[in-house]
């Protein structure tokens with residue numbers, strides 16, 4: 001019964017991420033619908049013989065780019081307070097907040113119109129924040145599956161990426177005669193499913209790791225496993241073992257649990273405070289790693305429609321066809337992402353035979369994943385730089401592959417490199433700081449629209465150069481792990497923790 005519940009939690013969480021969490025990133029599909037509905041059409045200037053349609057409506061494109069810039073910024077930046085809420089108040093509170101924001105956003109989009117197009121600014125921002133909260137609360141499901149933890153985490157992030165294809169379905173339905181309002185009202189009604197899953201298939205706080213035997217959560221299935229120390233337990237243990245201090249008993253609530261439910265001593269890695277994690281070189285270079293690649297992806301998604309208009313010479317049939325092709329490739333995110341987790345989990349088994357702790361083996365396993373993700377982004381950036389329309393098919397494929405590896409690898413790295421009790425805050429901080437960098441996409445778009453006369457070549461070359469900075473992160477992690485192995489060999493201890501996390505930059 002317990003295993004069946006865990007499987008149900010995994011599958012329903014996958015569906016939630018796949019169908020709802022990341023639909024914001026199907027923005028290119030919904031822009032096509034918004035333009036057809038006449039949103040911001042008043043910004044288009046009157047046409048002349050020397051002005052193309054793309055140039056005539058550049059102000060409209062710039063408005064849509066601004067909406068995506070703000071909403072994608074909120075998607076990342078608000079992960080910081082969301083992570084704090086998740087760590088401080090638990091899963092139930094975080095998910096109720098997510099459901100409220102998400103439902104409000106879909107209702108606002110459903111009742112928007114060309115006359116009230118400005119409502120898209122708050123609506124898409126709420127959609128982004130609610131979606132990232134869904135992902136954040138689902139990442140912990142990986143704790144239920146032990147040795148497959150990284151695979152599950154990357155699978156959920158891949159589902160988050162693939163959910164952008166939902167707006168392709170909205171676009172296809174719209175072209176078939178289904179109103180935009182009906183589609184988003186249906187998505188709003190699906191919030192009932194999120195509520196049921198919150199109360200019946202998710203913990204009130206968080207899933208512990210390592211997971212105790214017979215751990216129970218959500219809807220009770222038999223006797224519930226007590227993880228906290230009750231006052232009666234403290235009195236009984238104090239009477240039977242007078243020498244044991246009350247302080248030691250109270251600390252068992254935060255100590256990791258063995259399979260028999262007893263507490264074990266925490267390692268220095270688990271005892272690290274938030275400040276030491278934030279000031280570590282691992283945190284800094286990982287932040288650079290995700291920031292430069294995320295900027296490349298956000299600018300590509302935000303400018304895809306005007307890029308296709310330019311390369312197709314405003315052939316709307318081709319624009320629609322390439323937009324659909326891009327959205328279809330997003331469906332493959334859920335298939336691509338688990339490969340990153342499999343690389344990490346399989347690579348970890350190779351390091352477990354050495355004299356290293358599980359934490360260090362996890363960290364060593366991430367080096368290959370981090371380097372492979374950076375290499376994929378370089379190839380993606382090269383294809384985007386080539387101003388040939390058929391080449392963009394390759395860009396679409398590399399974009400979904402690299403994006404799946406990027407966000408799945410980011411979540412997995414934070415989960416294995418830092419203490420679990422700081423996961424929400426550190427994950428949120430990384431996403432928030434990378435969101436500040438992602439704001440550069442709007443100046444880049446303005447530069448292309450203004451001084452560069454719509455030609456993105458020089459901006460793409462610049463972003464290709466900055467992407468190379470991502471290779472510093474796997475090199476830094478590799479050198480860090482090598483130092484830890486050397487320390488372990490010198491002291492003849494096989495359980496030396498990763499103490500260099502606390503080294504300042």
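Glycine is treated like the rest: Cβ placed from N, Cα and C.
As recorded in TrEMBL:
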COMPBIAS  252-268  compositional bias 'Polar residues'
REGION    232-268  region 'Disordered'
TRANSMEM  7-34  transmembrane segment
TRANSMEM  64-86  transmembrane segment
TRANSMEM  93-113  transmembrane segment
TRANSMEM  119-141  transmembrane segment
TRANSMEM  153-174  transmembrane segment
TRANSMEM  180-200  transmembrane segment
TRANSMEM  282-301  transmembrane segment
TRANSMEM  321-344  transmembrane segment
TRANSMEM  365-388  transmembrane segment
TRANSMEM  400-419  transmembrane segment
TRANSMEM  426-445  transmembrane segment
TRANSMEM  457-479  transmembrane segment
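Same-chain residues lying 6 or more positions outside the transmembrane segment (180-200) and placing a CB less than 8 Å from one of its CB atoms are 12-13, 16, 19-20, 33, 37, 91-92, 95-96, 98-99, 102-103, 106-107, 109-111, 134, 166, 169-170, 173-174, 218-219. For the transmembrane segment (457-479), the list of distant contacts is 281-282, 285-286, 288-289, 292-293, 295-296, 299, 363, 366-368, 370-371, 373-374, 377-378, 381-382, 384-385, 387, 444, 447-448: same-chain residues at least six beyond its ends, Cβ to Cβ under 8 Å. Counting Cβ pairs closer than 8 Å and at least 6 residues apart in sequence, the transmembrane segment (321-344) and the transmembrane segment (7-34) reach three or more and so form a contact.
If you look at the transmembrane segment (119-141), the same-chain residues 6 or more away from its ends with a CB under 8 A from one of its CBs are 9-10, 13, 16-17, 20-24, 34, 39, 67-68, 70-72, 74-76, 78-79, 82-83, 86, 91, 94-95, 97-106, 108-109, 111-112, 152-153, 156-157, 160, 163, 194, 202, 206-207, 411, 415, 424, 427-428, 431. Spatially, the transmembrane segment (93-113) is adjacent to the transmembrane segment (64-86); three or more Cβ-Cβ distances between them are under 8 Å for residues at least 6 apart in sequence. Panel annotation: around the transmembrane segment (7-34), residues 40, 64, 68, 71-72, 75, 102, 117, 120, 124, 127-128, 131-132, 134-135, 138, 141, 144-145, 152, 155-157, 159-168, 170-171, 174, 180, 187, 190, 193-194, 197, 201-202, 218, 301-302, 304-305, 319-320, 323-324, 326-327, 330, 334 of the same chain, lying at least six beyond its termini, place a Cβ under 8 Å from a Cβ of the stretch. Beyond the transmembrane segment (400-419), the same-chain residues lying 6 or more positions past its ends with a Cβ under 8 Å from any Cβ of the stretch are 139, 142, 149-150, 153-158, 160-161, 269-272, 277, 282-283, 286, 290, 293-294, 297, 329-330, 332-334, 336-341, 344, 359, 362-363, 365-366, 369-370, 372-373, 376-377, 379-380, 426-427, 430, 501.
Spatially, the transmembrane segment (426-445) is adjacent to the transmembrane segment (64-86); three or more Cβ-Cβ distances between them are under 8 Å for residues at least 6 apart in sequence. Listed as Cβ neighbours of the transmembrane segment (153-174) (distance under 8 Å, sequence separation of 6 or more from its ends, same chain) are residues 13-14, 17-27, 29-30, 32-33, 36, 131, 135, 138-139, 141-142, 180, 183-184, 187, 323-324, 327-328, 330-341, 344, 400, 403-405, 407-412, 415.
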